[in-house]
Amino acid sequence: MRRFYYRHSRGVTEVAVGKRLDYATYAPSPLVLIEEGLPSPLEGPSLRLRGGEEVKSFDSLLRVYQFLAEQGADRSSTLVAVGGGALLDLATFAAGTYMRGIGLVLVPTTLLAMVDAALGGKGAVDVGPVKNLVGVFYQPRAILCDLEWLQSLPDRVYRSALAEVVKYGVALDADFYQWLAENVDEVLRRGERAVEEVVYRSLKIKASIVEVDEFEERGIRQVLNVGHTVGHAVERVFGLLHGEAVSVGIVAELKMAEELGYLTRGTSEEVATLLTRIGLPTCIRASAEELEKAKSLVKFDKKRRGEYVLMPVVVRLGKWVLEKVHVGEVERAVDFVKCSA
């Protein structure tokens, strides 16, 4: 097992990565919120909810509050959330607001949740069609990434999550990117050491960003949105998995950076080659109508400021800058998602 700690406004969070983790050490008397269909790793009172984005509703939130109240939870209690990213989002919001904050331990069970959603302190619920409209920043006491959960993960879901891993290398750590390129076959085979390295290094990289910009006030945390400006629009229009859309978005945004003179030409092709080896899409067979729909979504990106979108731009592998990019240039980047043949 490997572990590290990161600091934040509430103190320190322990992050553990390995197999057969001792959950009881982190929550001796847990109240367990667990995704339906998963075996509970802990004994104690539990509430089961469906996974997926639909769980991030006020109805689900009320059920969690009622569960905590029925169990007599107070500020010394610990909620242990076991599941994918959406359930962890809900749990974070619930723990951060119930009695103005109770203990929280997160147990992500998907690769995407491990390398992305679990770390950062964000909790939210959706309001109608608007995702994450109501939210909090609330850091957990511990994040327990037990790699045993990943052995039964469907192949497409596993590969999709690797887009976020590639993002860390592309934007923040060229050495990690090179390691991924050299070890991609072992990662795809889910070799224990390779998967542990993927999860551990991804979390270390993200933690280094969260530590210096916990509340998204300095612009540094924007780097975690590389590939997401275009990717979010692609995800909504084409119905891809999140990581698949981010993969397409990474390549499109790198091409945009090349066109604008920020990035050496050929970098986008190099990254696209790695993503293709992973089995992820790097372009889409899109109609003109679909591209226009995606462009219209970019106009409503939350990072937009007037005629510009404040977005992270990669200038070389492992390095980035925060730039105001004209909306027209971002719309042109959407054109890059279309396969040339």
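Placed from the backbone N, Cα and C atoms, the Cβ positions cover glycine too.
Summarising the annotation, Swiss-Prot assigns NAD(+) binding site to G85, A86, L87, L88, D89, T109, T110, K122, K131. Less than 8 angstroms from the CB of K131 (NAD(+) binding site) sit E53, K56, A124, each of them six or more residues away in the same chain. In this structure, K131 (NAD(+) binding site) is part of a beta strand by DSSP.
The Zn(2+) binding site annotation in Swiss-Prot covers E164, H228, H242 and rests on sequence analysis. Using a 10 Å radius centred on the Cβ of H228 (Zn(2+) binding site) and all shown protein chains, the other Cβ atoms total 24.
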Record-annotated NAD(+) contacts G85, A86, L87, L88, D89, T109, T110, K122, K131; largest Cα to Cα distance in whole Å is 22
Other than E164, H228, H242, the chain contributes near Zn(2+) (Cβ within 8 Å of their centroid) the residues L112, D116, A163, K167, G227, G231, G243, A245, V246, G249
G85 (NAD(+) binding site) has its Cβ surrounded, within 10 angstroms, by a count of other Cβ atoms equal to 23
